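K.L.:
This is the structure I have questions about; it appears just below.
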Amino acid sequence: MRPILMKGHERPLTFLKYNREGDLLFSCAKDHTPTVWFADNGERLGTYRGHNGAVWCCDVSRDSMRLITGSADTTAKLWSVQNGTQLFTFNFDSPARSVDFSIGDKLAVITTDPFMELPSAVHVKRIARDPADQASESVLVLRGHQGRIARAVWGPLNKTIISAGEDAIIRVWDSETGKLLRESDKETGHKKAVTSLMKSVDGSHFVTGSQDKSAKLWDIRTLTLIKTYVTERPVNAVTMSPLLDHVVLGGGQDASAVTMTDHRAGKFEAKFFDKILQEEIGGVKGHFGPINALAFNPDGKSFSSGGEDGYVRLHHFDPDYFNIKI
Amino acid sequence: MAFDRNGSAAPAKPSKLRWGELDEDDGEDLDFLLPPRQVVGPDENGIKKVIEYKFNDDGNKVKITTTTRVRKLAKARLSKSAVERRNWAKFGDAVHEDVGARLTMVSTEEILLERPRAPGTKGEESKVAGDNLAQLGKGGAVLMVCRTCGKKGDHWTSRCPYKDLAQPVETFVDKPAAAEPTSTKGAYVPPSMRAGAERTGTEMRRRNEENSVRVTNLSEDTREPDLLELFRTFGPVSRVYVAIDQKTGLSRGFGFVNFVNKEDAERAINKLNGYGYDNLILRVEWATPRAN
């Protein structure tokens, strides 16, 4: 395959997200302007100007009309996907790290970093249908994580919130009462900071990537460990193919050590693993820095990766990818 | 869709506006003088042409023709809303996108999903390694570098099948008889020069000489790859050598080609003897065995 290279960002990529139909690709980077691209040919559709700090995360509503972004400028913003206008700004006391729309787009979960003695927190906001009615109050605030919360997502039927972060513990919260329901085991859980979390298409399980050089597959209801994928570099990004039983791990050595070694030694490939057999299928090379973000097109026929090198690489699979046998 | 950019820049026709009527003001934006952007196609072959005009750094008008091939995706199933989104107007920084700003490029490099173990290859590799080990006995294969032909891991210098075809180091080859007495003194004697091993060495040499073809009257610029290109059509070639003058670095006008099969060598001689190559007429013949 010949990947499409998108050089719209000046700074390292932080997050990638496809909309539901898979025709738009949203990219967030440390350069303040989230960008939307056409996912088939990589043409830039537009940018969302207004943030004043690195943008860590984004999510798009099911109808592809609203975009929510979380930024290090201590705000999370709602945007109109079509024309890039700001609809609303949520202000926090510390940088916003992760955002996720609930099923039905009526709620959003936003996590904030620990900052100036403030502990990290998970905020739940109600999203109004009409931006004019939008309120800034949090419906619920969850505290309990030590250090940054890398990602928080909605569980099945919006009944739970799953969060994971620097303290390497995955937590499941009740989204109504805010009660902590489950915690991942010290024995089976990650040993170092969790960097990414990604739900499966049907929402029955999720995969987490960690700096302990592994990715783990969990049951979303019971929080039981199902599979572990071991690699030889810290995992910054994980994603799952919606079509095949494949898990993709992206990572690489620490960005501060990149200039000191050859790019081959950095292990900057996206590694494909068989979801069930936990065996490596292959690697896709190309980035000159660690991979920070990975996303699969909902049709499962292409995926994109965003790196510390500022490039988004959009890969459309060759036909023989679909009949790989282990 | 795929991009296939063949950008070409050519000075456009002089504009109708007289230059004298224009202000000499450098900072003035003259973009209104430029003809509008034209889009031609896409035609039935999917070739789309975009013709744009802009001023370059010297203030000259430049016509930029971008030819792209638009490829329809087979069986693309797009939702209605996705088709609608396709026609959305650009916004943000994408509105004022520079003509020259190529934000989206297609990689020139073919990227493959690299399998950790390509099927088949691993087995072969281990087999080769096994063979080497068998030949070697217990020597480390990594250390085995031939000083004559520079090949790694295949044979020792003393067993090099090509050594007598290479640069004259005959002193080495012609010495086995003389070497024997020295061995009694306890000095190191390469295994091939010891009494027992000598036979195999010469056998190997003869076998290689049999399929060796001498090529003379080569032009000075002919290099080994060229010769390989020329002779490869006849069959598998095991070695190509062009004699280079060590002082001048120029070709001495002759070389050797070793074929794996004798028949191929024969055909090559029949075909290429008298063949015009680089303004010279080649002479191709069997390499005469070196007279010891």
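Each Cβ is built from the backbone N, Cα and C atoms, and glycine gets one as well.
Feature list, courtesy of TrEMBL:
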REPEAT    A:6-47  repeat 'WD'
REPEAT    A:48-89  repeat 'WD'
REPEAT    A:142-183  repeat 'WD'
REPEAT    A:187-228  repeat 'WD'
REPEAT    A:284-314  repeat 'WD'
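On this model, are these features tucked inside or out on the surface, and what's nearby?
P.N.:
Beyond the repeat 'WD' (A:6-47), the same-chain residues lying 6 or more positions past its ends with a Cβ under 8 Å from any Cβ of the stretch are 53-60, 62, 64, 67, 69, 71, 73, 79, 81, 83-84, 255, 289, 292-299, 302, 304-314.
Looking only at the repeat 'WD' (A:48-89), the predicted model's pLDDT averages out at 93.
Cβ atoms under 8 Å from those of the repeat 'WD' (A:142-183) belong to residues 57, 97-98, 100-104, 107, 109, 111-114, 119-124, 189-197, 199, 203-204, 206, 208, 210, 212, 218, 220-223 of the same chain, restricted to positions at least 6 beyond its ends.
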K.L.:
So if I exclude everything within five residues of the ends of the repeat 'WD' (A:187-228), which remaining residues of that chain have a CB under 8 angstroms from its CBs? That is, six or more out.
P.N.:
147-148, 150-151, 153, 155-156, 160, 162, 164-170, 172, 234-240, 242, 247, 249-251, 273, 275-276, 278, 298
K.L.:
Same-chain Cβ contacts of the repeat 'WD' (A:284-314) under 8 Å, 6 or more residues past its ends?
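P.N.:
Same-chain residues near the repeat 'WD' (A:284-314) but 6 or more away: 3-18, 20-22, 25, 27-29, 37, 39, 42, 201, 234, 236-244, 248-255, 258, 263, 266, 268-270, 272.
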